[in-house]
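Look at Swiss-Prot and you will find C21-C253, C245-C251 tagged as disulfide bond. Residues or ranges marked as N-linked glycosylation site in Swiss-Prot: N12, N17. The annotation S-palmitoyl cysteine is assigned in Swiss-Prot to C296 on the grounds of sequence analysis. Sequence annotations record features per position, and here Swiss-Prot assigns topological domain 'Extracellular' to 1-23, 80-104, 169-180, 245-256 based on similarity to another entry. Marked as topological domain 'Cytoplasmic' by Swiss-Prot on the basis of similarity to another entry: 50-58, 127-147, 200-217, 279-297.
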Amino acid sequence: MKHIIHASGNVNGTARNNSDCPHVALPEEIFFIISITGVLENLIIILAVIKNKNLQFPMYFFICSLAISDMLGSLYKILESILIMFRNMGYFKPHGSFETTTDDIIDTMFILSLLGSIFSLLAIAVDRYITIFHALQYHSIVTMHRTIAVLSIIWTFCIGSGITMVLFSHHVPTVLTFTSLFPLMLVFILCLYVHMFLMARSHARNISTLPRGNMRGAITLTILLGVFIFCWAPFILHILLVTFCPNNPYCTCYISLFHVNGMLIMCNAVIDPFIYAFRSPELRSAFRRMISYSKCL
């Protein structure tokens, strides 16, 4: 969504005329380093699940899906930084056909990162709900075949939606659709949490007998969701302000923080793997085995 994702430069030009807020710029090198770190961390998560059979369960497949989403967000920024660098060196034209196509592909990756994160978190939330309240039927309800089918549907939808949003990014309905997915996801998970809370109160004794791992997974989801909201909400607000009030002095003050909001998104990809590792003993054991194996080579 080039006129939105990359709109800060144009908007900030008018912002200086309507607002006293200075544009907050961050060095591209910082974005690049954080993005590289995010790619490597999430790649380690994915490799750990692929190489360890004791991690090949639905919950970890959904975590892999979230890791792929985070990795796409980091790759987006890496490729964008490289494109900007070559453009500044004069190798690319500002509005050439190759540059425009490349820009569309990069923007699609960014949208895939957001959509993939949203639906992966939804899948994890539903998985945790079934784990807690249908523990005895969990393995018959959440099978590997169904997990793969759900993930295939999620990513097919995300790819189709991402391409569509980039093609029609200059239309306001597209922007509204893009931004509405974020609050809709929050409302759905909030309703799920309220239902889980009410069910927990009426089934307190049964829940207290559940394995600690089941509740640990629910707490991990809560932490992941909190980090996701904290890191993405400022950028979603940025998109709305750029679309509906780009010349308002108060809006332009917030829009001037574009780089800070972008930095938060990059940080999300770095923070999530630490949450997985800190909350999951199985992943920590897998990491130790991978490190021991690499030392033996």
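Each residue, glycine too, has its Cβ placed from N, Cα and C.
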Inset, instruction - Work through the disulfide-bonded residues one by one (C251, C253) and point out the residue whose CB has the fewest other CB atoms within 10 angstroms. - result: C253
Legend entry - Surrounding residues of the topological domain 'Cytoplasmic' (50-58) on its own chain - C-beta under 8 Å, 6+ positions past either end: 127, 142-144, 146-147, 282-283, 286, 289-290
Legend entry - Least Cβ-crowded entry, counting other Cβ within 10 Å, from the disulfide-bonded residues listed as C21, C245: C245
Legend entry - Confidence summary for the topological domain 'Cytoplasmic' (127-147), mean pLDDT rounded: 87
Legend entry - Pairwise Cα distance for C253 (disulfide bond)/C245 (disulfide bond) [Å, integer]: 11
Inset, instruction - Give me the Cα-Cα distance between C245 (disulfide bond) and C21 (disulfide bond), rounded to a whole Å. - result: 16
Inset, instruction - Could you put numbers on the helix, strand and coil content of the topological domain 'Extracellular' (245-256), residue by residue per DSSP? - result: 7 helix, 0 strand, 5 coil
Legend entry - Cα-Cα distance linking C251 (disulfide bond) and C21 (disulfide bond), given in Å to the nearest integer: 10
